[in-house]
Each structure stands twice: as structure tokens, then as C-alpha cells.
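Annotated in TrEMBL:
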{"type": "TRANSMEM", "residues": "156-180", "note": "transmembrane segment"}
{"type": "TRANSMEM", "residues": "186-206", "note": "transmembrane segment"}
{"type": "TRANSMEM", "residues": "218-243", "note": "transmembrane segment"}
{"type": "TRANSMEM", "residues": "263-286", "note": "transmembrane segment"}
{"type": "TRANSMEM", "residues": "327-357", "note": "transmembrane segment"}
{"type": "TRANSMEM", "residues": "381-403", "note": "transmembrane segment"}
Amino acid sequence: NLVLLWVTYHAFVRGNVARLTRGMDSDGNICGLAGQPHQPTSRRLHAPGVSDFGSTWKSRRFIWFPVKPKVSIHDTLRLGVCVDHCPILGVNTTVKTYGKTSLTWPVSYTSRPVMGRCIPQMHDAKNIQDLKDLTASLRVTAWGFWCIHNAWAIRWVLAAVGISAILMCFFWTFSLTFFVMPIAHFTLAFGAILLGGSSFILWQHGRSDAVGVLGEKCWWCTGASIVLFVAFILYLLLLVFMIRHIHLALDVIKIASKVVVSLPHILGVPFIGFVVFCAFTLWWFYVTALLSTSAKVESERIQVPFPIRTVTVQSLHKDPTSTEFTWMLLFGYLWGTALLSAITYMVTAFIAVFWYFSVPGDDKYAPKGTMKHALVTTFRYHLGTLALGSLFLAIVQMIRIVLHYVEKKARKVKETNQASKFLMACSHCCLNCIERFVKFVDHNAYIVTCVE
């Protein structure tokens, strides 16, 4: 917790999310935000050619990047110009800068605004490969903020959908109390009829002289019918040998549905957990965005063609500690989400245990203050158990993320051979199995803790 607080403090002190949401031009100014250190004067913005894209700084809310041959994508992203509307190929011919170094960039592609960025449109553009690199660099950030913006705009619709989903879950669980056996028997019988009927139909079709749509005989029908018949036999054998376990699982589902019917507010536990998870995730995204912008603005000289000249730009130089802080924040997020999931799981299990052991027999009832008692017991006596189980899970997940990161970096350096791809795939498979095993052990340990 102290480490996460220190990382959060560092991010808030040195970061600036406006660099992501609005963009920063080649002079180090944040587009559309007043009070910038190198903000152009009103006289400069009213100059001929410059005023075509906004005569006031607050109106220049979008960042546009010139695309020129022989200019790397790294240098292109440092030559941004703030504009009040995105240039259109055929309508706008040039974009003139407003800084100390006067440059005139030709418009070589049509763009449209997406959350402060002028995203290239590929249908009528030149330098297609350069545009693909630029679009890939801008789209993740722009579309990420666009999704957040639209989600907030329809927040009431999302809330209504969530409430409707909770009500549907309650009614479905209530119906399972009475219809779980017929639903399960119907599903099992339908699966057997589907496999057996499909096998019979394909067998008859394969033996007949009928032709298909393309005018050819169905030569594969006989083989497919044999495969489906073998699957049908295996399905029946599985039902015969597993029927007792299936009925046991159905009894468990029936009892679990009775818990929900007796304690409807138990559905509020995962809902509250989801709300806390969303809040924690938003905090993590915001701090991560601050860390990604915790950099110093320093002058740098780059060379641009047409005509060949050297220009001075203001670019961001990342703080050396931001990468380490980002990894620490990621591990804290994995641990925090795993702990939150474990708390939700144990509170729900405690409520079910208190209900089940309330009175002997089938006429059970919900004791008073069941949820409060479950919350107090979880946080007072078992928070350390949950933290330890969540730590094991977070470590495995962190190893998987690091492995993905190393694999991605290795692909950028050189083309990997088949042996290394095979080893990476085996490593991912093993780590996935270990993660599932840890989750299984954690959940069973939490249940045993609740019962004992």
C-alpha cells in the first residue's frame, strides 16, 4: 500500500494527462490549453496562412502531424501542429506553423478528429505506409479516450442494462429452485438426440444417390456420420458413469438457488465488488496515464527534408524511474484485483455457510445481520489469508505478462524461429495451467476457511 501511494504521489506531481488528451505540439504547448510557456501570440496566430487553422489558441484543440518521406515516425510525432479543424486533402493545401521556426507543411492526407487527434483516413491518402505507422501510433490513445467519453455519455443506459441483468439473474436463479432438474434432463436429452439424429441423417445422405448444391455427391457424409456416432456412444457412456455426479451437482445448484431466494441481497455482493473493481481500474488507468506523461520537456534538433533543414523541437524525455514505477503499479493492480475478487468470493461463501448452518433440515432461514457478520468476519479474521492467496495468483499473472512482453520485444528485434515459438507456446500453456490451478486451490481454501 505504501509503495502504491508513493507511485501515485510521484505520478500526480510529475505527470500531466492533458498531454495525452489534448496532445503537444513541436513547441511544447498543449493544444487548446491557455497559459503555455511557448504559446504563440495573438499577432502570430492572425498572420496570413496561420489563421486558416484558428486565430485563437483555445480554438486549436486538435493535434495534426505532417507526413513526409524519409522522416521517421519518431520524428513525425515531434512535429505536431495544433489546429482548430483537421485538414482535408483537396480542400486544404498547406498547414503553416506559428512558432519561432516558420514551416509550411503540405497536406498529404485527409484526417478526422477523434478525442483531440487528427486520425488519418486511408482511402485518398499518399504515403500509405507512413500513414499506417502514424495511425497505429495515434489510434490506441485516441480511441481509448473516445471509448471512455462515449461510455460516460451513455452511463445511464449502462446502469439500466446492469440493473436489468441483475434482475434477470435473480429470476433465473429463482426458477432454478423449481425447474433445475427438468432443465438439466432436457438439455442432456437434447444433446443425445442432436448427436444421434445428425449421425443418422448424414449416414442416410451418404448412402443415397442424392447430390448436393454443387451437383456432387456428399462423399464426406459417411465419415462425418461415423465420427458423430462415436461421439454419441461416448456421450451416452459418459452419462451412464457420471449420472450420480450430475445429480449431485444439480442438488448443489438447487441449494445454492435457495440461498439466493432466501437472501436476495446476496446479489449485491458481486455488484458492489464490480463497482469497486471499476473504480480501482479507473484509478489505475489514470495513474498509469500520469506516469506515461511524467517527463521533462527538453529541446532537440531534428532534420527535415523539402527543403533540408534542421529545426528545434520541444519533446518529452521520459523520467528514468517511470518504467520501474509502471511495472510496480501493474503488479499492485494485479494483486489488488485478485484480492478484491477473493474478498467478494469469501463474503458470498460466508453468507451461504451462515444460511446453511442456521437450522437443521430443509426449513432454513437467513439469520439477522448475515451480510454484516460475513463482512466483519472476512475483514477482521481472514484478510491475511486472502492477501496471501491473491499474492500467489498475482505473481503467476505477472510472470505471464513479462513473458508476453519479452516475446513481443524479441519479435521486434528479429524474426523468431520455430523452436523459440514452440518454447514460448509451451511456456504460455504451462503458466496458464498453473494460474488455473492456483485459482482452484485458492477458491477451495477460502471455502474450507469459511466452513471451519
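Cβ from N, Cα, C; glycine included.
Source: prediction; values computed, not measured.
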Residues from the same chain, set at least six apart from the ends of the transmembrane segment (218-243), whose C-beta lies under 8 A from its own: 188, 191-192, 195-196, 198-203, 205-207, 210-212
Cβ contacts under 8 Å made by the transmembrane segment (263-286) with residues that lie 6+ beyond its boundaries: 17, 162, 166, 169-170, 329, 333, 336-337, 340-341, 343-344, 347-348, 351-352, 355, 366, 370-371
Long-range environment of the transmembrane segment (327-357) - Cβ separation under 8 angstroms, sequence gap at least 6: 3-4, 7, 255-256, 259, 262-263, 266, 269-270, 272-273, 276-277, 280-281, 284, 287-288, 291, 364-367, 370-371, 373-375, 377-379, 382-383, 386-387, 389-391, 393-394, 397-398, 401, 442-443, 446-447, 449-451
